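Annotated in TrEMBL:
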| type | residues | note |
| --- | --- | --- |
| DOMAIN | 1-396 | domain 'Major facilitator superfamily (MFS) profile' |
| TRANSMEM | 31-50 | transmembrane segment |
| TRANSMEM | 57-78 | transmembrane segment |
| TRANSMEM | 124-143 | transmembrane segment |
| TRANSMEM | 155-174 | transmembrane segment |
| TRANSMEM | 211-231 | transmembrane segment |
| TRANSMEM | 251-271 | transmembrane segment |
| TRANSMEM | 307-328 | transmembrane segment |
| TRANSMEM | 340-364 | transmembrane segment |
| TRANSMEM | 370-391 | transmembrane segment |
Amino acid sequence: MALYACRTVPPLCLPIMAEEFGWDKTQSGTVLGSFFWGYTMTQFLGGYLSDKIGGDVVLPVAATFWALVTLMTPQLAYLSTDKYSTLYIVILSRVLLGLSQGFHVPGTTSLIAKKVLEEERSSTYSFVCAGSPLGTLLTGSVGSLLLETYGWHSVFYFIGMFSILWTLGMRFILVANHRKKYQLSIDSADKPIKEAREPVPWLMLLSKAGFWAPVIGHFCHANSFFILLSWAPTYFHENFPSAKGWVFNVVPWIVSMFSCIFGGWLADTMIRKGYSVTFVRKFIETISLLGTAVPLILISYMSTFQGALFCVVFAVASCGLHNSGILINPQDIAPKHAGSVFGIMNMAGAIPGFVGVYMAGHILEATKSWAAVFNQTAGVCIFGCIVYILFGTGKRII
């Protein structure tokens, strides 16, 4: 929750910040995309460290850092009065935010692969991932009200402080649980058993189509998700200036939260009824990618705010189903190395974050056409769907 609350503050505030600092669409796209320069760098490291020392150790440290970066961003933005110096400082803060947040999802994947049974992983992972739209919802609702009332600085301060308090609370709960486990081990005179770690057989993994299919599919999904996450507020701000920000920044993520949970329930129910894991992953992912592509194509034909909002809601809700398809697939194909494998997959998925988001800004600056952005995004989704249907698997590879 805190992760996406911090991540979505800049997209929410960007139209106002761009006006204040004089940024064009290409510069705005660079600010949004620079998050993923850092995010890409720590994906594999996050999975490797979580597999080695535990996600419960890695995640609180990373969360503290990204909360502090969010809290300090307004102060950093005013370190210089020069337009370009301010731009570079804000970009640097976004890179640092990405570096710290890159540890989160691989660490979570590693934890779930170690602690949760296979037939319960989809529901568990989807429930955890529902925190993403919940965090976006927090920023979109409270953040929109703060933005309109007190200015963009207040959004960073509020979300940053909230995230620090959230992290401290979660850390307190983790420490309390560790103490209970330690006391039980002393009382029962049991020595903790260290599980031997096997090296990841990378050569074998890289030679399998079943590994590359989710990597490509995740790349295609991430391209659409990050463009929607980063540019949707600007799209509504420009095309429907009279629309209330709290509506288009809140409604899609409310629906997405429920679609995440529903997708997990549906996947686990189908597996329990005897459907193969491979079929379930492909079925859910097909709905997700095609359900994202179709409304992105249709939105170009919408002339009303209600029609455009419906398309965005449908696309974002379909993105939520991805959590029960490809996103959980590393736990199927490499359960002992899920964190490391997911780190590689999510590193590929982070590339559209800076390439796709930047290119969207560049296309908008050059063509002034939102249809051009949404249509190419839909095409990428369709390509990813075809690849995963042909080559994806839910069977263990390593």
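Using the three backbone atoms N, Cα and C, a Cβ is placed for every residue, glycine included.
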Any contact, the transmembrane segment (124-143) to the transmembrane segment (57-78), with at least 3 Cβ pairs under 8 A: no
Feature contact check the transmembrane segment (31-50) with the transmembrane segment (340-364), CB under 8 Å, 3 or more pairs: yes
Region pair the transmembrane segment (155-174) / the transmembrane segment (57-78), three or more CB pairs under 8 Å: yes
Long-range Cβ neighbours of the transmembrane segment (31-50) (under 8 Å; 6 or more residues past either end): 7, 10-11, 14, 17, 23, 58-59, 62, 87, 90-91, 94-107, 109-111, 226, 230-231, 338-344, 346-347, 350-358, 361
